[in-house]
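Novice: Checked Swiss-Prot, it gives:
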type     : residues : note
TRANSMEM : 6-26     : transmembrane segment
TRANSMEM : 325-345  : transmembrane segment
TRANSMEM : 349-369  : transmembrane segment
TRANSMEM : 420-440  : transmembrane segment
TRANSMEM : 457-477  : transmembrane segment
TRANSMEM : 500-520  : transmembrane segment
Amino acid sequence: MESQRNILLIGLLFVSFLLWQQWQADKAPKPVATESSVVANATTNHSADVPEADTGVPAAVAATQNLITVKTDQLDVQINPVGGDIVYAALVSHKLEQGKDQPFVLLEQTKDFTYIAQSGLIGRDGIDSSAKGRAIFAASKTEFTLADGQDSLEVPLTYVAENGVTYTKVFVFHRGKFNVNIDYKINNTSAAPLQVQMYGQIKQTIKPSESSMMMPTYRGAAFSTASVRYEKYNFEDMGKNNLNQPTIGGWAAMLQHYFVSAWIPPATDSNTIFSSVSAGGLANIGFRGAVYDVAPGATQEISSQFYVGPKDQKALSALSDTLNLVVDYGFLWWLAVPIHWLLMFYQSFVGNWGVAIILITLTVRGLLFPLTKAQYTSMAKMRNLQPKLQDLKERFGDDRQKMGQAMMELYKKEKVNPMGGCLPILLQMPIFIALYWVLLESFELRHAPFMLWIHDLSVQDPYYILPLLMGVSMFIMQKMQPIAPTMDPMQVKMMQWMPVIFTVFFLWFPSGLVLYWLVGNIVAIIQQKIIYAGLEKKGLN
């Protein structure tokens, strides 16, 4: 009995430590004040717009152009003709606030904050590494819209160099998707060979993550190579060391809570994943592709993909078999993945994420019921042994070795395992932690309502009703479990305070997680009633 209570206390401390540790690990450095260009008129920037190529000259001259607007069923995008950068991206189907029409803006460029996606051609003859500045593309119109019945939308931009070479940059948007194809077509009509190299990078003002101890979230970069499936690269590390990792395939991304932007070059191409931080506090991460030689009279096509949207594991996996890892479940990912799958499965039937969480709770409690029954049976047997254990303590006094041997012989004789009731508690803790990360990381739960006052399962209960009910349920459970007479008085006081401690902790937890714990406690109370009734019939009162 005492060992089980100790394990419960240790479990609480362990969960608290994990949350505190994750919060410390994901804290970003303080933001650096910067001045960036206003979106109303797009401008090219200094040489930081273009990464270092194998050969090439940094860009220098700035220019101003009107933006090109692209609207699909999922995205509202603005493209700067200077370089063809995506300087604004709003997610039409994801709102900034629940119940309001304003879309969530992921990419933007304002006076105080920059978060944009850049791409271009560098190298010896790259149009974006010229000393005159980046290429200024021309478009047939400034507004493009995905029409009804249209599955894809092409936005072609054209640039004719001084030597007569035509460069076409085509953005291809898709219905129902957040990924954009960026295709370059180089028609070398000159008499000299060309050498170019495509790059794609994401530029963001260094900004701390909006997280708390109970809801830690990560804001920063991440990348994948052939040798490293997934690795976070926070802003602080980016400021200390620049990435320069050759790889086949790979990807580079910027992450924040629920959303991601990522460059995904072709999986079979030779690329280099790079990063840098400019003096103005702008963090860059991206890729440089292979160097292409374009002979006179030849045509060369170079492609890549860019994703800007929610952390949708299915959509991300379709682009790269490791991109779905940006949904980071931590060290218990192997347990969180099936929990997420089961959550999605239940929701597809009931159409309510709160009900799906309740069904997961019933599933977990049902699977653990045989162990729970064994736990309470073991506890009852241990209570019946208390007089004999007390007799052993009086007989052997301070001789702990002999008393320990006598206790083990007694347990063996009575067929009692003193640790037999601990397994359900040990199993519940990793399930609790895994579900915590599922509820924290799964974008599907963002703005997902349950019923009554719970309008968003991904945030804390606005009225703290669920945490208080959870505390009451813990108090009832505690009263149903008799306290061993041999238990230390200090431990008794600590256990009496456990419902209060848990309630305080859960005040700031996502309401979906509190719902899971509350329903679990209610089911546990019912199970205890059933088990105790069976034990009384067997005389294990």
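Backbone N, Cα and C atoms are what each Cβ position is placed from, and that goes for glycine too.
I'd like to know what surrounds each of these features in this structure.
Specialist: Away from its own ends, the transmembrane segment (325-345) comes close to residues 22, 218, 222, 224, 229-230, 232, 253, 255, 260, 262, 311, 313, 316, 353, 356-357, 360, 363, 430-431, 433-435, 437-438, 441-442, 444 of its chain (Cβ-Cβ under 8 Å, at least six residues beyond either end).
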Novice: Same-chain Cβ contacts of the transmembrane segment (457-477) under 8 Å, 6 or more residues past its ends?
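Specialist: For the transmembrane segment (457-477), the nonlocal Cβ contacts are 214, 353-354, 357, 439-440, 445-450, 498-500, 502-503, 506-512, 514-515, 517-518, 521-522, 524-525, 528.
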Novice: Six or more residues beyond either end and a Cβ under 8 Å away: which residues meet both conditions relative to the transmembrane segment (500-520)?
Specialist: 12, 16, 212-215, 353-354, 357-358, 360-362, 364-365, 432, 435-436, 439-440, 445, 448, 450, 454, 456-461, 464, 466-471, 473-474
Novice: Determine which residues of the chain contact the transmembrane segment (349-369) at the Cβ level, with the cut-off under 8 Å and only residues 6 or more beyond its ends counted.
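Specialist: Those are 339, 342-343, 424, 427-428, 431, 435, 439, 444-445, 448-451, 454, 457, 512, 515-516, 519-520, 523-524, 527, in sequence order.
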